[in-house]
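Participant: Per Swiss-Prot, region 'Large ATPase domain (RuvB-L)' is recorded for 1-181, and the stated evidence type is sequence analysis. Marked as ATP binding site by Swiss-Prot: 20, 21, 62, 65, 66, 67, 128, 129, 130, 171, 181, 218. Summarising the annotation, Swiss-Prot assigns Mg(2+) binding site to 66. According to Swiss-Prot, the region 'Small ATPAse domain (RuvB-S)' annotation covers 182-252. Look at Swiss-Prot and you will find 255-349 tagged as region 'Head domain (RuvB-H)', backed by sequence analysis. What Swiss-Prot records for 310, 315 is DNA binding site, and it gives sequence analysis as the kind of evidence.
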């Protein structure tokens, strides 16, 4: 289990605070482009009396994919069924889930890129024709029977859209990239959560927590609860700027929202490899983290903040990374990598 305070992976305590999640689209903070699209598509589907087309949310973890799926189910008047790619081991497991759905239900599959191929193929007729093809018998006596399914909506979520097979990706009618939240959006989320949790917090403290939350609501809510703990013991239960800073410093969350592992990645590239480029396998060895963990959990935020960039030859540190470590940046020695070049991240899959 990942016990980092800054991990965007869902922890047990995050699930326990279900009441922090908005229940309506107009209560959902951030992701304005996604909200606008989904509002139109939901209203159009309801107007025609149809199920909403299948939706794919993709982006780093902790940005609200599951919350949006729950809101969509409520807006469509159906129930939400939640599962994940690794949990569906056999085609029969998925068939049982599909046959248990009702009209306008939403089936949410997290980590959908991890579905195995035999299971994935069951989804094709289910998504296209609302039908389930079942093989009965074996050998020459085997025959295929098609069962009709209720009109449902499949919502897939993935942190690695590039790993989806083309046949599966092409069957989604709505594709929505999820973006990191800005500080003001996170501040609004923190103020809302504080009201629900009955936390006495001022705006400066809320903004301080927001700025260290890695653009991720899940992390913002987790940090809020840890700052509350500190304030209850050290600050008479009042979360102000001073108590927020002291609590976050105690948690070793710096002004950029980095923890020790983020800094290890930057330090490895700068100090051990002269700024790069360095391959992901080598970087993984030096940092002591799995490749998938670096790519899914750490890199997206470091890229978005402009501290590293990905090139065909490997990862490179930017001038901003050198400034963060207070290491001199030599243009001739370290190449021409600058913060503007990190727009490359937006073009990457």
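Glycine is no exception: its Cβ is also placed from the backbone N, Cα and C atoms.
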Participant: Grab the ATP binding residues from the record (20, 21, 62, 65, 66, 67, 128, 129, 130, 171, 181, 218) and give me their largest CA-CA distance in Å.
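Facilitator: The ATP-binding residues span at most 37 Å between Cα atoms.
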Participant: Work through the binding-site residues one by one (310, 315) and point out the residue whose CB has the fewest other CB atoms within 10 angstroms.
Facilitator: 310
Participant: Given the binding-site residues 66, 128, 181, and counting only Cβ atoms in the protein chains shown, which has the most within 10 Å of its Cβ?
Facilitator: 181
Participant: Within 10 angstroms of the C-beta of residue 130 (ATP binding site), what count of other C-beta atoms is obtained when all protein chains are considered?
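Facilitator: Neighbour count, Cβ to Cβ under the 10 Å cut-off: 16.
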Participant: Between the Cα atoms of residue 66 (ATP binding site) and residue 310 (DNA binding site), what distance do you get, rounded to the nearest Å?
Facilitator: 29
Participant: Relative to the Cβ of residue 20 (ATP binding site), which residues of the same chain, six or more apart in sequence, are found under 8 Å away?
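Facilitator: Set apart from residue 20 (ATP binding site) by at least 6 residues yet with Cβ under 8 Å, we have 193, 196, 197, 221.
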